[in-house]
Structures are given as structure tokens and as C-alpha cells.
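Inspection log for the structure reproduced underneath, given as C-alpha cells.
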Amino acid sequence: MSSRLLNTFCGHSIPGVITSSGNAILVHFKIENIITYEGFQIYYSALIPVEGCLGSPAELRGDTGTFGADDGQNFTYISIRCMWKIQVEPSKVIQLHFLHFDLGDSSNCSSSSVKVYDGNDVSAPLLQTFCGQNLPGDVTSSRNTLFVYFKIENIKTYDGFTIYYSGLNPVEGCADSPVEMHGSNGTFGVSRAQYSSNMRCTWKIQVALTKRVRLHFLFFELEQCSKCVCDSLDVTMVEETTTPNTYSFCGSTIPDDVSTGTNTMSVYFRTDGSTSRSGFRIYYSDILPAQGCIGRPLTKQGPKGTIGIDKTHYDNYMTCRWKIQVAANKRVKLHFVSFDLELSADCSFDNVRIYDGSDTSAPLLHTLCGSNLPGDVTSSGSTVFVQFTTDVSGSYGGFSIYYTAFTTADGCLGSPVELRGSNGTFGITDGQYHDNIRCSWKVQVDPAKRVRLQFLSFHLPKSSGCIYESVKVYDGKDTRAPLIQTFCGSSVPGDITSRANVVFVHLFSSRNTSTHSGFKVYFSDIVVPEGCSEAVAMREPRGSFGITQLQYTNHMRCRWSIQVAPTDKVKLEFVKFSVESCCDSVSVYDGLTRAAPLLGTFYGNVLPSDVFSTNSAISVFFETDGTGTWKGFTVNYTAIPLVTLDCEPGEMDDGEKCTKCPRGTYQPDRGKTTCIDCPLNHTTRHVGSIKPDDCMLQCESGYEQDVSKGRCVKCPRGFYRDDVVHVDCQPCPSHLTTPGPGATSVSDCSQGKCAAGERIVGTTCKKCSVGTFQDRMYQTMCIPCGGNLTTRREGATSAKECLRKFIAMYESVPFMKRERQL
């Protein structure tokens, strides 16, 4: 039994109808048990086979005909393979029209399908695969042969299908080769009657070399799908200097006119196998392009001229290019006379791009769109490149640019100006300053000297970080050298001194700005102070060094290293000192490098104390920034014996002698060179403290420490304390007191020290007059008795001394007088 197995049956369900693929069938029955069943009975009959289903394809010829796998009844096909080869006259193509179609439910066409090939057999291009129960659309070949292949691999019953074919005259452009269209105008397209499935049509249009192609759509209706993946009309434009651009159209919206930048255009129409629509009709014509909009970029030379696109030449899919070139020693300024382009957020639809050079590989200066008139644009050299591009939708008023050549400052023509000599000036004036300017100056003086730059005037637009406009100064021959400083705004920079004999200055501007003033710089050569070009190594036992006011400049880096005999150490004595407080400094290290311990950093106008090294070497570094210069400094150094004195506890060796530890420090040991600081906010009562316990709470002026309470309390009245001089509150002079507690200076002892019965008058005391009293000390006024009361005497100290006036007067009369009166 070598024949192919059609199916195997068992159980109780009656199988469906079985049809063989040939003229013979073998039925094999097997039973291997003794149980009795009712068995089966089969009726067979001979059928006329479907043409093309007997192993070889049926060949169909003639202009029309029908074929399929359906004779009006339901059939069950099992593993059927049917093939039909259709051939019509060589000048025609074949169209298939499905009259009826039902292959059952097949989601992926795996069990049953109809495949249509564009040629003689299955090796030809596959046009479409059909399955399921939906009636397919028409299918049209691209040549005079078609091959249809039908397969079914299950036992279900289907209605099958019937196809009507016909030979048609092919649509122009839809045969094997594209239609080439020449001449100044013409029409082409696909009508509703010609619109079918799986169409592939190509039209190639070529007009005179000096012109370009414009397409105008007379009507348009194609199947609408996302991204035109079903049916589409693809327009391809081949530009001379770019890759081809293809634009796809579908749906029922009539596209805008399409024009290309060259004299050729290709149109490709394709359909899938679903539905058909009304088609399209296109009128093409040649048009005279605007200058710069066909072929190579238009080169414009001369000191002035005009470029642009007016409304009559503004089309979709345009690419226009102009290269403007002026004299080598000049620059190009573009002035926009008019401007009206399609507006988009990033200018991705229609735009004008301006490049700072001869083509699109040059730096892009601006990308412009919309209707706002742009400001003037200037190049950094003698050439500028302008490119105008449009997309698929809409046309606008266009633009017009008037260009002129202008002279720029020396150093602004691409290569830097080299300035030599002992002095000179350079810069750029208000009239020379413009947008997108790039200028460079290289200043070089004698190798033994350095360059000083003094800004005579300076005004650039200010921006955060100087990102749009700036003057940069480099400490070397080009921009690869270390950057000294970047300037912008209107503040005149301070002087700059280079560290080598050459400096590089670069001006940069990148945006449209309304007003500029430029800048002017005076350069001069200066003799470099010792230590400010290379480190000075001094080995003599004594000497001096420093920076004078004339030598003091911005951006200085100076270094002096002193090495004396191994048995000595170095003493530095500052004779003069005036160094900018905020930003410049003199740093002293206890060795020859910055890796040594830092002995001190000094600035301002206060003369620093003497500085001593702990060994035979010391180094001094002087650094300035770019904000200002002061008077400088002078330092004398001396080698002194490297001997440690045997100082007592509470003392330290200051390098020359033993000195007591200052207040706020202590030293419990002998022979020490430093004292130990008290804890934070603590001090000592006096200099020369020995123990940590000598450290006490540091109270502010007007307070002293209450040891029992461990806190600061106010000085009582009659006492004062200045925390710089005294530790405890000090009494006022014997005849004076303070206005109240908490006095901070002896000057607060400003009142007389008056007793009860007295009042303060400046720094003296005066007794209370008759009729008044004062029962407290240190008062500025006496208290009146009041009413009909008075006192017997001056200096009353209590209210009890206030008596009725008669009694007081009586008792105040001498005893002898009172006796006579009695």
C-alpha cells in the first residue's frame, strides 16, 4: 500500500464524502477483537474531475473564460491540488474577476487557498493569496500570462470558487516596462475601469534640461490605509546633489501640485488585493524654475545682489541653492527684504538654511521659517551658502534677500593677525562689529619678556556664561593654550599679563543683536619680575624679593624658593605689604614645594608677622586673579641658626627667643616651639599659661565668668570689662561709676559715685536741696517732699525727713532765739 493515505475512520460517526484525486481508490478494513459490531457500508460513484486537478495545469487560452473548483454542488476535497495556466495575446494583460468564492473559515490560508502568480508557473512573482469566504477583488497581471494554484487539505465541505478571466489592453505604464514621457506637457493615470488588484505601474517623465517638472492632480481617489500600505501613488524626485526623495499619496484628498528640482520625475502606482477605487489622473508640465532651483547651486559673485523665491515660483518639494562669494578680504551680509514661509515649531516643513561656507557641510548659521522678517546675517568669511527647501503641503509668499560685501577688521577673515613689537593696539570698532563674527589676534613679543594687555574700551552684549558673545584670552599661540579668562558685557576688564611671550585673543559672536560697540586693546611687552616666569632659587644667607606696584599685574604666578645651610632655618620679614584682599594672595610653605606644610597665607594691607621655617628651606608663592592690582610687597629673608631654645613651660621658641604663650593658649612642657590653643570659646586670664585648667570660658565685653555657675554674668554697676584687655570686670575710678551693669569700657565710667542724699551732676555729686531727698545711691535726681512739706536741711536721705513747714522752720530756729520769744 504505497498510495497516499486520504483518511482513517473508526467509531460510530458517519464520515463525510471522500473524493479521490485520480481514477482509483483503495479501502482497507482491519479488526483485531472478537466483539461484534454492525460494520459499515459505502456507496461509490465515478465523477468527472475538475479540469486542472489531475496533476498537470489546465492551459486556458482566448480572451475570456471561466474556471474554478465548483460545479454548482458542494464537494468535499481531500488533499486536492489544482492548477490553471492562462495565456492571452502578447499585447494584452489578464484580469481575474471572482464570481463566487467560499473556502470555509481559514485564518491564515494554511489548509486551503488560491494563489495567483504573475507568469507561467509558481516561480513567477506571487500577486495574491486568497482564502476564507470573502469575495476577492479583481486581479490584473503585468503581462499576458497568469498562473492560478489551488490547494485543499481537509475533509470539510465547501462551495469552492469560480473565476472569470479576460484579456485586456494594458494600462499605459502598467505593463512590464515603464512608460517614458517626454515633451512639455501630458496626462496619465488609472481610471475606475482600469483600477484592479495587484497593479504595478510606472511613469517616467523628462522635460528639457533647463526646466523642471510640475504635477497637477485632476482627480484622485485611492484606497486609504495608514501610511499608504494598501494602495499608493509614489512620486520620486531625483536631485542632483542629494539622495532621491519619495512622497506617497493615498485616500481621496487631491494632493497639492508637486514639482521637482531637476528635469526628471518618476511616478509609481501600486495596489494590493483588497478593494478598488476611482483611480487618478495627472497633468504634467514643464516650468521654468527660479534661479538656483534646478541642477547645481547658483553661484553669485560681486559686491552686491539679490536672491530669493517669489510667490509665483513657490512650490511644494522644492530645493533651491545659492552660493554667494565676494572678494577674499571681505565678508557677506544678508539683508532680508521680504520673508513669508510655512511656519512650524522646528522649521521642519519649509525653511531657509544659511551656512557659513561654500556648501551644506559648512557650519549652519540659521534655520528660518514663518513670516517674521529675520535680522541681518553675516558670514565669518567671504562665502555663504543659502538653501531653500519645501515639503508636501502649501505654498506661501516666498522671500527676497539683498546681499552686500563689506570690509571687516583685521583678524576677522579666517586666519589670525600676527602682531609683533614692543607695543601696539588692536580690536574691533562699533562699525566693524556684526553678528556671527570670528576674529583672532596673536600677539608675540621678545622671548625674554611677557605680554601685557590693557583694555582701553570694551562693550559686548552680555549673556549668561558669555555663551553668545565673548572675548577669550589664551596664554599661548592659539586656542589650544590654557584659557586665561573669558569676557563679555560692558565692564572694562582688568590688565592681563601672559606667562609666556605670546598671547592669543579670540572674539566670537553667534546671534542677532541690535547694538554693539566692540573693544580696543593696548598691548606692551614687560620685563618679567624674578620668580614670575621660572621659580627663583635663592641660596645666600640673606636677601630680599617681592613685587613692586609697577610689576603687579593680573593673572600672575610667581614663586621664590630659599635654601640655606642645613644648620640654619629661614626667617621672613615683610617690609611692605599691599595685596588685593579678596582674590590675590601670598602663601608660605615650610619647604620647597606646595606639598610642604603651609605656614601662612596673607593678603590685605596689614603687615604680616615674621615667618620662620622649621628647616633649611622655605618657598613663597604669589598669585593674582583678573580683578585688580595693588601696591605689592617686599620680603627680607635671613638665615638664623637652627637651634631650639630650652624654653620654660608657658613659653615657646619663636625662632629667636623664648616668648610667653599668648592669651588663649598654654604650654605645660619645656623646650617647645608652639603653644597649645584653648578649646573653642575659651581663653586664659593672662599670657604664659601652663595648664589646660587655665583655659576659662571666654565672655564677651561687659561680662565676666562666674566660676561657681560656669557661665558669663554682666559686670555690676561701677565696673567694666573690655575682653581684649581684661579677663575680669574692672572697677571704675573711685569717684565715678557706670550708668548701669554690663559696661564694656572705662569710658562708660561717666557718672559721679554719689551717695544717698545726693544727685549726679556730670562727674560730680551735689546734695539734695531743702524740700527734696534721695534714699538711694547713684541717682541723677532728688525726690521732692510734696504738699506743705519740706526738710530741715540739704542732703535729706529719707522721706521721713519731710516735715510740715512751720514745724521745720520752728525747729530750725536757734535755741536762744526761741527762749526769748517764749
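Glycine too: its Cβ is placed from the backbone N, Cα and C atoms.
Between Cys320 and the candidates Cys293, Cys369, TrEMBL records a disulfide bond only with Cys293.
The disulfide bond recorded by TrEMBL for Cys412 joins it to Cys439 [selected from Cys369, Cys439].
The residues of the domain 'CUB' (174-287), classed with DSSP into helix (H, G, I), strand (E, B) and coil, number 3 helix, 57 strand, 54 coil. Helix first, then strand, then coil: DSSP counts for the domain 'CUB' (293-406) stand at 3 helix, 56 strand, 55 coil. The residues of the domain 'CUB' (412-526), classed with DSSP into helix (H, G, I), strand (E, B) and coil, number 3 helix, 58 strand, 54 coil. For Cys293 (disulfide bond), the nearest neighbour among the disulfide-bonded residues Cys174, Cys201, Cys439, judged by Cα separation, is Cys201. Cβ neighbour count for Cys320 (disulfide bond) (all protein chains, 10 Å cutoff from its Cβ): 23. Mean pLDDT across the domain 'CUB' (412-526) comes to 86 in this model. Between the C-alpha atoms of Cys439 (disulfide bond) and Cys320 (disulfide bond), the distance comes to 31 Å. Cα spacing between Cys201 (disulfide bond) and Cys320 (disulfide bond): 30 Å, rounded to the nearest whole number.
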